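Worksheet: the structure to be examined is printed underneath.
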Amino acid sequence: MTATPARRVSAVEAVAEGGASGAGEVLDQPALAELTTLRVGGPADAYVEATTEAELVDAVRAADDAGEPLLVIGGGSNLLVSDEGFGGVVVRDVRAEIRIDAEDTCGGGSMTVTAGQDWDQLVERAVAQEWVGIEALSGIPGTVGAAPVQNIGAYGQEVAGVVASVRVWDRAESRIRNLPLIDLAFGYRTSLLKRSMHASPEGGDIWYPSPRYVVLEVNLQMRLGTLSAPIAYPELARRLGVQVGERAPSAEVRAAVLELRGGKGMLLDDPTAPDHDRWSAGSFFTNPVVAADQADLLPADAPRFPVRSALPSRTTGPSLGEIDPTLVKTSAAWLIEHAGFTKGFGVHGPASAATLSTKHTLALTNRGGASAAEIVELARAVRDGVLDTFGIELVPEPVLVGVAL
Ligand SMILES: Cc1cc2nc3c(=O)[nH]c(=O)nc-3n(C[C@H](O)[C@H](O)[C@H](O)COP(=O)(O)OP(=O)(O)OC[C@H]3O[C@@H](n4cnc5c(N)ncnc54)[C@H](O)[C@@H]3O)c2cc1C
């Protein structure tokens, strides 16, 4: 998050103003550039901050009842919003609560966390309180509410490994529901929640750019202990001096992950030492998952990773599911680099307003004055170059609002 929004209004006011949307009122509302980590995007018609669950539900219901487009926003770290902005209501949950429901060495820990809670602060608390299973997810920006939407993952862990259930407001049925793990159908950077943006009972994308299910709270189950879950990512294992599959002290895992992420510009910007490599939405493209025979056609040195089910298996520990032998995940960063796009690449040269990060080819960055259109132009160039070279179409990871590649 980069700035405090200009003004807080109630759901009813917001929807009324969204409908009226005179120029003066629009100016009074924050630009999405102030609410997103890519720092691009024009104004929203209306903006609501919810401080209770009832306010959150009311704001969502009011927008839906009025037929206003709705954008539920967390940290804005996985969004690319158009320069025209968002012609609807932006709603943000500002509650930050972690409730411990149970904690004992036999059953482990069970916590209920509000959607607005900052994700990395939860990880910090988990490591301090010896809750195991999210230490490798240190440093991911954004909120707990958004974490299960795209099943955040990094360094061999995914949030799917610890989610027990999610309490949601179901916009289609206008009621609160509890979705257990089995219904959430997690996959690589996806879930029922994410897929629900595109599916309505009538067909079509009526909920987009937010899910049909608005996350109110997330219930997590974690083992207790000082040692991490088995390390599943070779680069992290090397940094920790352990073998893949071994455990390490969770505090060391967190420190190592933060260090690795810092070196790649994959932490949020520090306002005291601004770094444009961090003005991004993280990885802009997901790692392509391709059929095993398509992966055989890639150059011999292209990375090939096993594709695991997000659901933990009984034998491999809390974060590692069974391997699917028919699928292979390759590296979007490798494809981008080997298609000729180097770190710092810009469509109009290195001084372009939007370039690849100078530390990591997978992050598209705003060098200070970029527009959403310039980010899109860069994304298209990279996607098309990879398609021409390898026949693989990269898919954007962020949610695109009012723009398309
Ligand atoms: C520097 C950087 C590094 C990153 N590294 C990683 C990484 O390693 N792994 C990874 O997986 N991601 C990574 N990301 C992406 C991003 O941090 C995650 O996707 C994060 O979960 C987004 O959270 P948010 O609160 O910012 O969501 P937002 O960007 O605000 O919203 C994203 C989507 O989630 C929806 N949403 C938000 N809140 C709710 C809610 N309460 N209920 C329902 N829907 C909701 C929004 O409507 C939108 O569709 C990175 C991003 C940045 C900027």
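Heads up, residue numbers simply count up from 1 along the chain you see.
Any Cβ shown, glycine's included, is placed from N, Cα and C.
For the recorded site, Arg189 (active site), the DSSP three-state label reads coil. Non-local contacts of Arg189 (active site) by the CB criterion (under 8 A, 6+ apart in sequence, same chain) comprise Gln150, Asn151, Gly153, Thr286, Glu397. The annotation active site is assigned in TrEMBL to Arg189 (among others).
Residues near Ser283 (active site, proton donor) in space but far in sequence (CB under 8 A, at least 6 apart, same chain), listed by position: Met266, Ala332, Ala333, Leu362, Ala363, Glu397. The feature active site, proton donor is assigned by TrEMBL to Ser283.
If you look up TrEMBL, you'll see Glu397 (among others) marked as active site. In the shown protein chains, 18 other C-beta atoms lie within 10 A of the C-beta of Glu397 (active site).
For the domain 'FAD-binding PCMH-type' (40-225), the predicted model reports an average pLDDT of 94. Sequence annotations record features per position, and here TrEMBL assigns domain 'FAD-binding PCMH-type' to 40-225.
Glu397 (active site) falls within neither a helix nor a strand when secondary structure is assigned with DSSP, and so counts as coil.
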